[in-house]
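According to Swiss-Prot:
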TRANSMEM  8-28  transmembrane segment
TRANSMEM  49-69  transmembrane segment
TRANSMEM  75-95  transmembrane segment
TRANSMEM  106-126  transmembrane segment
TRANSMEM  138-158  transmembrane segment
TRANSMEM  178-198  transmembrane segment
Amino acid sequence: MVKMAESLFTIFLEGVFIKNFLLIQFLGLCSFVGVTKDLKSASGMSGAVVFVMAMAATVSFALYNFILVPLKLEFLRTIAFIVVIAALVQLVEFIVRKHVPALYRSLGIYLPLITTNCAVLGAVLLNVMNDYDLAQSVVFGVAAGLGYTVAMLMMAAIRERSDLVEVPKSVGRGVTYAFFIATIMSMSFVNFFGVIPLE
């Protein structure tokens, strides 16, 4: 039991910090740059991604292990996972549109783009490639979503704060500036690589 808890904690740390999808693996950068102009939009998008990643990890585990593997259809996993993610995103979009219309409008095109967010698909595929069981898959899905949230909120806070100061013209305020900030954030996260040995 203790070994299992240690394993889950290690997977959690990997998902949030060591294998952070945005700052270490550079997956899902479209929303990272596009939605982090203010904290409200970034937190809404992050919540949606955490939900989709956690649910996709759970549903995809069941789909892969109880349907695709017994029927020897493992080669369809990517397509099957994309369909699962798309269905979950439609559910999230429906809920957000109905209950938080202001957030729905502020997220714009980025909410449906969670379907094509490679970070979500990457998390699900890593669960299969690492041969995680259900608990490990769910923990990794939640941790990857929380890692995404940490990076999104840090970026949004920095960008909001930088609106109050003068930025050199050579750096600018658009995408160039966002990637400049992301580079510095990424370098700080690289230091986490020494915490847990990667296989």
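Using the three backbone atoms N, Cα and C, a Cβ is placed for every residue, glycine included.
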Original post:
Based on Cβ pairs under 8 Å, which of the stretches 49-69, 75-95, 106-126, 138-158 lies most in contact with the transmembrane segment (8-28)?
Top reply: 138-158
Original post:
Does the transmembrane segment (138-158) reach the transmembrane segment (75-95), going by 3 or more CB pairs under 8 Å (6 or more apart in sequence)?
Top reply: no
Subject >> Chain residues in Cβ proximity to the transmembrane segment (49-69) (below 8 Å; excluding those fewer than six residues from its ends, i.e. six or more beyond) >> reply: 28, 31, 76-77, 80-81, 84-85, 88-89, 92, 114, 117, 119-120, 123-124, 127-128, 132, 134, 137-138, 140-142, 144-146, 148-149
